[in-house]
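Per TrEMBL, the features are as follows:
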type	residues	note
TRANSMEM	38-57	transmembrane segment
TRANSMEM	88-113	transmembrane segment
TRANSMEM	133-152	transmembrane segment
TRANSMEM	164-185	transmembrane segment
TRANSMEM	205-225	transmembrane segment
TRANSMEM	246-266	transmembrane segment
TRANSMEM	324-345	transmembrane segment
TRANSMEM	366-386	transmembrane segment
TRANSMEM	401-418	transmembrane segment
TRANSMEM	439-461	transmembrane segment
TRANSMEM	467-486	transmembrane segment
Amino acid sequence: MENQKKMSVMALVLMIFASIFGLGNVTTAYYQMGYGAIIWYIAGAVLFFIPTSLMFAEYGSALKESQGGIYSWLETSIGEKPAFIGAFVWYAAWVITLVSQFSTICVPISGLIFGKDTTQSWHLLGLSSTETLGLIGIMLLVLITWLATRGFDKIEKVASASGAVIIAVSGLFIAASVWMLILNHGHLAQPMSVHAMVSSPNPQFKSPIAILSFFVYAVFAYAGMETMGGTIDRVDKPERNFPKGIILAGIGMILIYALGIFLWGVTANWHKLLGTDSTDLGNITLVLMQNLGYTIGREVLHLPIHQAIIMGQWTDRLIGFEEVMSLFGSMAVLIYSPLKTILLGSPKRLWPEKLRKLNNRKMPSFAMWMQAVIMGVIIFGVSFGGKSAQQFYTVLTDMNNITSSVPYLFLILAFPFFKRVKNLDRSFEVYKNQKLTNTICIISWITIFFGIIFTIIQPVLQHDAYTAFWTAFGPAFFALVGWIFYRHASRNVEPVVEEELD
């Protein structure tokens, strides 16, 4: 097992796409802002995604031997205690995200099989639809956890397949749309103008508050790159290939987001197709993909109407397949990487030895199964616990609204301190001027901080103080739990000399 096969740059890029990118972000952007979304996605990339991705690339390259991902990055920069609290908040956020993914995965599965959401009619062994979906989610949780414990190579294969499908489907969409644009001699279904590039056709996104909320959405659409920190030690020549993978994947995502938003205007007139009561955020991707297939069938292939409708249904199944594969790839990575970061990166004295123990495939299998039990209990309780349990899940979801974003404040704040650390092999370095580094960090930090504050106050502006309270309470609660855990473990266990894991 010592000579484990390492990930190539392409495998890392595919894993990043599987974990972060979502074609649904493109359709949502077009639905909410039309062409006006492009400038906000570019702004999100310039103010947040590009600078932080380069920071993470520097972190990863300099600390290439670490197993702790963002914990190691923070610990090197600002010390053990704040690093543990920040990493614990980050880990808790991803656990809740996984619970949400396993609870809702049946919807894209239904889209793949039936071309639409039929989950409300699903019943297994006399159970209600909610209970049936929860049971299926738990079974998939067990399956993917088992697969992940079989070795990192299994995670890599699932993530690579997922990333390949995402890129292929995105490529098919782009190719089909460009083809339509050429055949139509450059004519767009949604007219393009300077006004269209800076405004929204959606009447719900005319106010400054609504536009600001979309900017926050655009920024957070890029979130998740830091999860790759837990895979650095699995990358071949990480000091060179980890930054390269991050940069290539980042460029690819920015281009697909910006180009994709524009290309939806080739076949989808916003007012005719999307400005109806039957279209919403829940079905926008299916509506746009079905229209793309139908339009190609009618205008390019000259099919009869009923055959063009069938073609539209098959494009819906294609996007359903992409969404299912995207979720599987994301789950496989997130079941392992955040847990490994907090467990194997932080000091041994904080954890029971059994939790840190690796199986013969170098995976913390016992801890992964304990994690699965916790998530399974939550899913079971929400699915079978009735109204009160579902209210608890709503609270949990609200608590996670900004919890996954708060650790970015730690990572960006720590970066100038990281740049001052001596005796690090900085084989990849972009930020060479300390004053410029500080300025960029301040801009990115303010961008994230603004997004977090706005996410908290937006429900208040909509007279929903309940959601606002739990949104603000979430990161504070998880930070408090992390601090209590750290303090208790540090007091009850004598410090030991850290031994590097094989």
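Here the Cβ of each residue, glycine as well, is placed from N, Cα and C on the backbone.
Note that TrEMBL annotation is computational and uncurated.
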Q.
Quick test of the contact rule: Cβ under 8 Å, at least six residues beyond the ends. What residues does that give for the transmembrane segment (467-486)?
A. 81, 84-85, 87-89, 92-93, 350, 395, 398-403, 406, 455-460
Q | Surrounding residues of the transmembrane segment (366-386) on its own chain - C-beta under 8 Å, 6+ positions past either end | A | 95, 98-99, 102-103, 130-131, 133-135, 137-138, 141-142, 145, 148-149, 335-336, 339, 343, 354-357, 359, 392-393, 396
Q. With the transmembrane segment (205-225) as the reference, which stretch in 133-152, 164-185, 401-418 has the largest tally of C-beta pairs below 8 Å?
A. 401-418
Q) Between the transmembrane segment (38-57) and the transmembrane segment (246-266), do 3 or more CB pairs sit under 8 angstroms, pairs being 6 or more residues apart? A) yes
Q.
As a test: from 38-57, 133-152, 164-185, 439-461, pick the stretch that has the greatest number of Cβ pairs under 8 Å with the transmembrane segment (324-345).
A. 133-152
Q.
Below 8 angstroms Cβ to Cβ, which residues of this chain, lying six or more residues outside the transmembrane segment (88-113), approach it?
A. 70, 119, 122, 133-134, 136-138, 140-141, 226-227, 286, 316-317, 319-321, 323-324, 327, 330-331, 334-335, 338-339, 341-342, 371, 374-375, 378-379, 382-383, 393, 396-397, 399-400, 403-404, 406-407, 475, 478-479, 481-482, 485-486
Q. What same-chain residues lie close to the transmembrane segment (401-418): Cβ under 8 Å, and 6 or more beyond its ends?
A. 52, 55-56, 58-59, 62, 70, 73-74, 76-78, 82-83, 86-87, 89-90, 92-94, 96-97, 220, 223, 226, 431, 434, 437-438, 441, 444-445, 448-449, 451-452, 455-456, 471-472, 474-475, 478-479
